[in-house]
Amino acid sequence: FDNTVSRYGGLVGQRVMPRNNLSLLRRTANRGDRPASTDSGPPSPLPMSIHRRTTSEEEGDCAAAAAAPHCSKLFFSRSDLDVDWMPTTGAVLKLLFSLRLTSALWSGISDCDEVFNYWEPTHLLVYGDGLQTWEYSPLYAIRSWLYIWIHAAPGKLTRVLFPHSKIAVWVTMRCGIAALMTIADFVMFKVVASRLGVSIARFYLVISMFSTGMFISSSAFIPSSFAMAFNTMSIAALYSGHMLISTVCVAVSSLIGWPFAALLGAPTALTYVFSLRRIDSFILHALVALLIVATPLLAVDTWFYGKRVLAPLNIILYNIFSEHGPDLYGVEPLSYYVKNLVLNWNVVSLLWLGALPLSFILQAILFPVPKNAKRILGLPINPFFYRRLSPIALAFLSVSLWFLVFFSQAHKEERFLFPVFPLLALLSAVTLDALNRLADHLSLPSPSYWLLGAFIVISCSRTYSLYRNYSGTVDSYKAFSDYLTDNQQNLDFSIRNDPLSVCVGKEWHRFPSSFFLPDAVDNKGRVRPIRLRFLRSQFRGLLPKYFPDGKFPSRTRSIPSEMNDENREETTRYVPLDTCDYVVDLETPDRTALEPNYGKEHSNILRPIIRHSFLLPHRSHWFLRAFFIPFLSEKNCEFGQYTFYERIPPTVVTKRRSYSAEEEELKTKHEEL
């Protein structure tokens, strides 16, 4: 017929096809051959709207879906009826990798654990030195060296390509981490398109690309991001029916990555037990996955620690069964996670909740229960009726279990939510697609694209705000590296420390890693390494110290002195100001005796060489610092200067005094000022 069919099935034209002819057309389409489909092109001319069919058709479709659920999709009785527009493979890969690349290049490091627990041990393996935390002491051994090694190995290869730039190696490694998440997202997109629906896959792609949460997490070098990538591939494998691959991915994410990610293996286990009813296969595949993953894990950690170590087990013992556990750090109220979800996901933080109920409603409309079906409270008791909803139910279960466990813990950190971020995107995509179809059925305007548009705008505002407000740290350290390279002729190591000292006080937790501390070369061709030193500040916890010198594996097997697992302060970490060649500090109007304004109070020995803007959160409007709004954010946010100071020659190395005497002197000077 000559009429044009709209995207959601509405007929546009001068004539409307009679109901009996339209019904005949549907039955003919259902019985005919598979419609021709392409990987790209305009939206399908076939209607997407919801239509009621005859009882015989409904029963036939239900029986077919029950007998072969893989041949159906979430809102289609047969997969070949979903002929919606599908973007090309190349386009999807380009889009995903481009957005993930922006994360690697522009996302900051928001968690000091990422630096001291992962980047620093990696720097040790790649360049030969790095800071050590108590977690890597053989006495506690709660971090896996295998996780570090699989990142350090490509880092050593990258060092060959960029022998004179440690920052280039760092950026390339971040791009590699982002590439892993790109692969996971792409696999999930393809599986969702083939298993749930093309429209859902498109929504998932857009949400995942623009999400601030994915921007933060996709290039982060932390186990929760690693677990996020492999859990995404585990769910994709589960949806595709590749149970062994799904099981292995769970093992990788929980044993090599983060042991608590094993909780996200619940959908895989439930599928084995209740859907497939193959407990024997579950046990066999679990043993195979354990053998594949645990064998290298045990071998590598045993070599590095010098004793038989299973790091994931030590993490569980410390966090659950030790007297103090993780509550020494980051104890936050319940609202902390709520705020994080709103900031990172805005409207999606609520949209995911509608996936399961809306899918259930649409199933009742699309696939009515046969009249002779047995029911309880009006609902059919035949589990095959709900089998189509199982992928959504399993994803919903994963997120709900994760939130239930981690919201109830006193110790809360933003990175703990990373593993379920892709599932939030998936469930929200289902909600948006279901809203489209339900609105079409009720002849109402759909809110899906308005919600998606709002999500994109708010996410871009939040992402740009993070870069604009907090990029000063990384920019300053990059500029410091350039400064040393460009001013080699002005350096004279005869009046400098060996190694050179870059000192941090209150800004210790924003140090981006030793990859930003290059070796320095003076005007005589002499080389000096650079090491981070700590000035005493208001912080009263345990700071890291450098791994001991020597050869491997003795460097990682030695039990470091002055370490504890109770976050007790070790005063031996601090150095006097007059032993520093460079000082890094954030200039703020607020100052204390232990956190002075170094540029003003020590201008006789320090001069600023690098400055970049950095947000002062407590002096800025809470909403306009969280989201960038042109003109308003600029007027209502206050910035300080993230500054590198250079000691005015000569560098004076004095005999170390007692810290109590130094504190008294600082307090007296502060009172005089």
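The chain as shown is numbered from 1 upward.
Yeah, the Cβs are placed from backbone N, Cα and C, and that goes for glycine too.
TrEMBL labels come from automatic prediction, so no person has curated them.
Database features (TrEMBL):
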- 26-53: region 'Disordered' (REGION)
- 167-189: transmembrane segment (TRANSMEM)
- 201-222: transmembrane segment (TRANSMEM)
- 242-270: transmembrane segment (TRANSMEM)
- 282-305: transmembrane segment (TRANSMEM)
- 350-369: transmembrane segment (TRANSMEM)
- 389-410: transmembrane segment (TRANSMEM)
- 416-436: transmembrane segment (TRANSMEM)
- 448-467: transmembrane segment (TRANSMEM)
Beyond a gap of at least 6 residues from its ends, the CB atoms lying under 8 Å from the transmembrane segment (389-410) belong to 74, 195-196, 235, 238-239, 260, 263-264, 266-267, 270-271, 275, 326-327, 331-332, 334, 337, 352, 355-356, 359-360, 363, 416-417, 419-420, 423-424, 426-427, 430
Can you tell me which of 201-222, 350-369, 416-436 gets the most C-beta pairs within less than 8 Å of the transmembrane segment (242-270)? 416-436
Mind pulling out the one from 201-222, 282-305, 448-467 with the most Cβ pairs under 8 angstroms to the transmembrane segment (416-436)? 201-222
